[in-house]
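Enquirer: My structure is below; once you've seen it, I'll send some questions.
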Amino acid sequence: MEQAAGWPAVGGSYPQKNAEILSSQYGINLFLAGLLLTFAWAVHAVGISKSHLLSYLITLMLIQLLWMLWYLCRSCTQRRLIRDKDTHAGARWLKCGITLFAVITLILDSFKIGYYIDFSNCLSPTEGIFPVTHAVHTILQVYFLWCHAKDVIQSFKTLERFGVIHSVFTNLLLWTNGVLTESKHQLNEHKERLITLGFGNITIVLDDHAPQCNCTTTTLCSIFSQGIYYLYPFNIEYHILASTMLYVLWKNIGRKVEHHQQNKTPFKFHGITVGMIFGLIVLTSTIAIVVVYLIQIGGSKIKSELALTMFYLHAIFVLALMCTAGIVALLIYRLEDRSLDNSKNPARKLDAELLVGTAAGSWLLSWGSILAIICAQGHPKYTWYNLPYSVLVIIEKYIQNLFIIESIHREQEKVNDDIKTLRIVTISRGSTLSLSPLYKEIYNGRAARDSGDVPCLFTGSICERENDGAGVAKEETSQDNSLVMHSASDFSFYSKNSVTNNKRRILKNIAAFLFLCNLSLWIPPAFGCRPEYDNGLEEIVFGFEPWIIVVNLAMPFSIFYRMHSAASLFEVNCKT
């Protein structure tokens, strides 16, 4: 009756579009409730404690665990069924990356368990239950993503939409909780450094959530409490990566997949030596800069100013190199005539949106710094280096986003089937029919070196060379003329192919260099080297609290941008 009236009978009583809307609204409300709890705990709201927040997160993780177990059990019972797969989702290198972050997250959970044991007299039981639940959640989720990140779900679609979107926003809330905890720790250290830099007019009130009792083992407590904050950056990246992979899984539910073979694009070190060398130099120097910065900052006013100057000069040099590399890559693309792949691809679309969306975080900080430099009445010498640094951050992200988005949308170069299947057949003296090397290899001189015979080129027929007859002179003459004609056209093809290979080699080196540079620029803010905090000029212009709110909101996106860019550039290197 419903079908006769024009109602679509898809997946149950509700159309699938309605199911998508309902599940997305469920996830958003789930996230907003958790976000409000997190904010209430952060500002010490009356009647809200950390145990309330952790209880909410534990409940969400347990629900996700039940859903994943149900999905895995159902998958095992239907193992023989052929399922659609999204070949673009859940790349192996992405799974390896999330596994690495998950292992470090498990170490973080073990530190939290040890911390709870040492302070068990005055901590809520939820602070001991949370890391245990989180560890189990991490192990099962990584296994789930390894096995099912590529799935295109076609059964129980309405139920699965709610399960997957629940998992997405659970990971986003865990990411938010990690970001807030790590930011509060960084903020306390920042307030102490401001006194050293001489900004005495800023009110310094430490936001302390430390336990109100003594530790049973002082040495272990110190190791656990300090180690936790050095491991948080990896935990933060783990949850944001998990949420993006699960979001792609959610978008793929009920999707009709085009069945075509995707070319495998393995990563190879061959041909990217120059980019790797320069990238490793940048990475090594960045680590050295971060170590010196963290040692010097807050030691004295002179040491702090020298640390900031050193950081700005190094960052300006690296960003200038990255801008140059990105411009060269874009110029090479302008010289090529290759079409873009505009087919529907949720993973690729999400990558592009995340690049532009998360770049807005650092753009906000950069424009704030530029405005502060323009409007400030007094300018310490080291603050002037912040101007070119902020300008280059804006330009570099703009160029890099263009390069990455165009790279992931470009169609891969296809090898001509005639060239790919062409084989040169020769009949050498006293031997049977044999296949010679590939067509391309002959013009590299390999065939000529390996065999003393001149190969015969042909299209569809076998050219034989007779050795015992006087009447072969005319045939050899005609074959030689044909060989000369083929050689001329093939030399033109080889020259064009050589130019293309040189362009590809340059692009691969640029992608490798930018990959290592983005990893390098991820390290400083992730591990506490944040001049946006320590500069002090912005806080005088905008006020301490407003600027700190801006930094705390924008910094997590800026940090994620670098890691996401590195992952995208790794993919670009594989595809090029």
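From the backbone N, Cα and C atoms, a Cβ is placed for every residue, glycine too.
The model shown is predicted, which means the values in this text are computed figures rather than measured ones.
Residues annotated as transmembrane segment in TrEMBL: 26-47, 53-72, 93-117, 129-146, 158-176, 229-250, 271-295, 311-333, 354-374, 386-405, 506-528, 540-561.
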Enquirer: Can you tell me which parts of the same chain pack against the transmembrane segment (229-250), counting only residues 6+ beyond its ends and a CB-CB cutoff under 8 A?
Expert: 23, 86, 89-90, 94, 97-98, 100-102, 104-105, 107-108, 111, 138, 141, 145, 148-149, 151, 153, 161, 164-165, 167-169, 171-172, 174-175, 178-179, 181-182, 185, 346-347, 350, 354, 526-527, 556, 559-560, 563
Enquirer: Where among 26-47, 93-117, 354-374, 506-528 do we find the most Cβ pairs under 8 Å to the transmembrane segment (271-295)?
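Expert: Comparing 26-47, 93-117, 354-374, 506-528 against the transmembrane segment (271-295), the winner is 506-528.
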Enquirer: Thinking of Cβ pairs under 8 Å, which stretch from 93-117, 311-333, 386-405, 506-528 has the most of them with the transmembrane segment (540-561)?
Expert: 506-528
Enquirer: May I ask you to check whether the transmembrane segment (311-333) and the transmembrane segment (386-405) make contact, with contact taken as at least three Cβ pairs under 8 Å and only pairs 6 or more apart in sequence counted?
Expert: yes
Enquirer: So what's near the transmembrane segment (158-176) in sequence-distant terms, Cβ-Cβ under 8 Å and 6+ beyond its ends?
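Expert: Cβ under 8 Å, 6 or more out: 11-12, 14, 16, 19-20, 22-24, 26-28, 30-31, 34-35, 38, 57, 60-61, 63-64, 67-68, 70-71, 134, 141, 236, 239-240, 242-243, 246-247, 249-250, 253, 556.
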Enquirer: So if I exclude everything within five residues of the ends of the transmembrane segment (506-528), which remaining residues of that chain have a CB under 8 angstroms from its CBs? That is, six or more out.
Expert: 186, 189, 230, 233, 271-276, 278-280, 282-283, 286-287, 289-290, 293-294, 311, 315, 318, 321-322, 325-326, 328-329, 332, 400, 403, 407, 555, 558-559, 562-563, 565-566, 569-570, 572-573, 576
